[in-house]
C-alpha cells in the first residue's frame, strides 16, 4: 500500500499498529530499492515474502494484469489455467521483441524490468566468481548447446567465407552438434596424454590454422569444465593463438562458473589474448531447472549482436528462475555453496586429476583385467542402486555423432590407456551424497569381486581409507 492507504487504514485499526506494519513494508521496499539502484546481487539473501512481493509488483506492471484491460491482439498474455498463471507469477508476456531478445516490451514493463535486472545481477555474479573484466551478458532460454550455436551463427556474419571450427576434442555430444547445427565443419584436434591427464595439443591447433588458413576458420571452440581425466583447455595459450591469427574464440564454460579454476582461466585468457564469448549453463551452476544459459563476453557490442540474432520473443522462465534463486541466496549464500563444493573436492582429492577440480576419476584396470563385462556391469549396478551421474568408461567404445565417428568415445581420446569410473563434484553436492555413493560403490565392487572380478589397489584405497 502507498502512504495514503496507510493513513486511511489508521482510521480503521489502531494507528500504532498500522505504523508498525508500514515500517515492515518499508523494510521490503528498501531491499527492492537497493536492487533497482545498484543492479547487483544482494549481499544477504531475501526472504520469500520479499521476493514474492517484488514479483507481484512487477506483474501488475504488465498489460495482461491491468484492471479493465481490453486485449484484442493475438498475443495478449491470455492463460487458460490459473495454475499455469500462478506458476509464472502472472508474468506471461516473456522477454524481448521479435527483433531483439533484449528489447523492451511495450505491453510488459514488469517483464522487461525483470529481464534487465536478471542480466545485471548475473553479470555481477560472474564478476564475483572470478571473471572481473566481463563487460556484458544475457540470459538466453536455451541450454548450452543451442546457445553455442547462436554464437557461431552470429560469427557467420562477421566471417562469411569461414567454414571450419577448430575444436580440441571433448566427448560431449551437444558441443559437437552445436557446430554441425550452425552449418560448420568441426575440425577435431585430439588431446595429448600427459601423465594421467588429457591436455590441449597446441602444436596441432596451430598446424590446423596454418593448413586451413585463418580466413577459412570461423573460430576456435575451447572448453573449460569437463570430465576427468580430460582437463580444461590451455585457454591462455589458445587465446594468444587466436589473437595472433585474428581468429574468434568461443569458450564452452558449461558448469565452470562454480569452479574458480575455470573462471580464472577465462579471465587470464581474455587478459593475454582473445575470448569473444563464453557460455555457461544455468541449471549446472545455479541449481535451477534445465532450459537456460548465460552468454557473456568482454566486448559489449558483440554480446548485443548475439542477442539480436535470437529470432523472436523468448520465454522468461529461465530469467525468472535464476533471479529468484540469486535474490534468495544472496552473495553470501551462493559463495557458501561454492565453498562447500571445494570442501567436497578436498575430501576426494586423491582421486582427482591435478588440473581438474570438478571431476573424480578412478581407474578400473582391476575389473578390466578380469572381464570386459565387469566394467560396464559396474555402471549398471550403480544406476540400479540409485547412484545417478556416475559414468563408467570402458575401452574402445565407438560412437558416431552427426556423421563423425569417435573412437574411444567418452574418454576424450582415441586410445586412453585404461577404463575408469567418473563422477562430478558439482555445486549443491553434499557430504551425505559422497558418503552414500562411496558406500554403494564399495558394495558393488565387493559383489563383483565375489563373482570373479578383481579389485585394484586404488579401488581398495577408495573404500577403505577415505573419511568422506
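Cβ atoms are placed via backbone N, Cα and C, with glycine included.
Keep in mind the model is a prediction, meaning the values are calculated, not measured.
Here's what TrEMBL has on this protein:
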- 75: pyridoxal 5'-phosphate binding site (BINDING)
- 97, 98, 105, 313: substrate binding site (BINDING)
- 271, 385, 450: tRNA binding site (BINDING)
- 284: N6-(pyridoxal phosphate)lysine (MOD_RES)
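Geometry remark: the residue listed as 'N6-(pyridoxal phosphate)lysine' versus residue 271 (tRNA binding site), CA distance 26 Å.
Site extent for tRNA: among the recorded binding residues 271, 385, 450, the largest C-alpha separation is 55 Å. Residue 97 (substrate binding site) sits 34 Å from residue 271 (tRNA binding site), taking the C-alpha atoms as the reference points. The number of other Cβ atoms within 10 Å of the Cβ belonging to residue 97 (substrate binding site), over all protein chains shown, comes to 17. Each of the binding-site residues 98, 105 was scored by the number of other CB atoms within 10 A of its CB, and the lowest score belongs to 98.
Residue with the densest Cβ environment among the binding-site residues 313, 385, 450: 313, by other Cβ atoms within 10 Å.
Cβ proximity to the substrate site centre (mean Cβ of 97, 98, 105, 313, cutoff 8 Å) flags the following additional same-chain residues: 94, 95, 96, 99, 100, 101, 103, 312. For residue 450 (tRNA binding site) paired with residue 313 (substrate binding site), the C-alpha to C-alpha distance reads 59 Å. With a cut-off of 8 Å between CB atoms and residues at least 6 apart in sequence, the same chain places 133 near residue 271 (tRNA binding site), listed in sequence order. Within 10 Å of the Cβ of residue 284 (N6-(pyridoxal phosphate)lysine) there are 22 other Cβ atoms, across all protein chains. Separating the Cα atoms of residue 75 (pyridoxal 5'-phosphate binding site) and residue 385 (tRNA binding site) is a whole-number distance of 48 Å. Cα of residue 313 (substrate binding site) to Cα of residue 385 (tRNA binding site): a span of 43 Å. The Cβ neighbour count for residue 75 (pyridoxal 5'-phosphate binding site), using a 10 Å radius and every protein chain shown, is 12.
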